[in-house]
Every structure is written in structure tokens, then in C-alpha cells.
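Participant: Take a look at this one; I'll ask things after.
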């Protein structure tokens, strides 16, 4: 709990009394995990200096500290975890990477940090959707993040496992600014999903909402 709340002095005191830094809760979350999730970079440093492992995953989704820090937009914590050797291309049980998590929540600065550290923006999730970060950002309407991913070389015409393009996702969810941006980048308006539906069809229908990716690093 001291790691979660960011109580640096208490964490230091507990470590002096030889507290085990890698003991996890029932959900597999370690002290470094919760400190990262809440952006307590100084606590992360203290724990790592005491031997904490930054690659331990939770048991529910298979997330590492870097994924949850990226999902929450904790730029400083992400930077520190990368400096400590965190893998920018780690994928959880659904194939969600740190870039997926940052993209879905519109944390463009975090996307930049991850890419500078070698993150692959073309990785697709391994679930039934096969989402790429660009598709997730587009489905959530994060125009700035979409713009940055396109600048970094993301393909606006890449299709997911259902044949849906990024333009299809943005059209389906009604994100006009993202649609306009994708059209400026020459997104193909006539690529259809596997069920034969086009982006214009998607924009014309009131379909049940589908979450395209991990709001936090696990689906909600």
C-alpha cells in the first residue's frame, strides 16, 4: 500500500527492515507494478535499487509495469522504466503492448517515448480483433495520437482480423476529425471488412459499440 500511495519515506523505512520487494498481491501485482500504475517514479527507483523486478506480470492480463504506466500516461515513470531496461514491445495476454495502451488513451508523448526506445507501432493484438495502435487511437477519436502514429509510418489501410481498416473504425465510431485526417493521408474509402461492409456503410449504421482495444491494458 505504501508503494500505491507513493509514501516514499515509508517505503524506504520498510526496505531498511528487509521487506521483500517482489512479493505480489493475489492478482500478481508487485510493489513496482502499483507504483508504476500511479506514477510514483521515486518509489519505483527505491524498489529497483532494493532488487525489485520490473518484468513481473499481473495474473489477470499479463501486464508489466511499463504497460500500466503507459496506459495512465505517466511520462516520467515510462521514461524511467525504459532506462531501467523495460521491454517497449512487451505484449500482454491479449497482445496489447505499451504503445497500444498509450494510443488508446491518447497519450501521444508516451507513444513518442516508446518509439524512441524501439517500440514497434505495427504490432497487432493477438485477440480476436488483431488491432494495431493506429486503429485503437482512431476508434477512440484521439486525433493528435492518430496524427503522430501516421507521421511515424503507421499504415492507414492496414486491416485487422475482421478486415476492418483504420478508416472503418473511425467512421463506425463517428470521429469526423479522425476521418478527415485519414482521408488527407489517402486512406482508401473502398476497402471493405470481411463481411462486405465499407467505411461509408459503417458510418451510416447504428451498430452496437465495440471496444477496439484495452482502455487500460486489459479489456473492460
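Quick reminder: no glycine exception, Cβ is built from N, Cα and C everywhere.
As listed in TrEMBL for this protein:
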type	residues	note
REPEAT	27-59	repeat 'ANK'
REPEAT	61-93	repeat 'ANK'
REPEAT	94-126	repeat 'ANK'
REPEAT	129-161	repeat 'ANK'
REPEAT	162-194	repeat 'ANK'
Participant: Quick one: mean pLDDT on the repeat 'ANK' (162-194)?
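Facilitator: Mean model confidence (pLDDT) across the repeat 'ANK' (162-194) is 96.
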Participant: For the repeat 'ANK' (61-93), what are the DSSP-based totals of helix, strand and coil residues?
Facilitator: 17 helix, 0 strand, 16 coil
Participant: Go ahead and report the DSSP secondary structure tallies for the repeat 'ANK' (129-161): helix first, then strand, then coil.
Facilitator: 17 helix, 0 strand, 16 coil
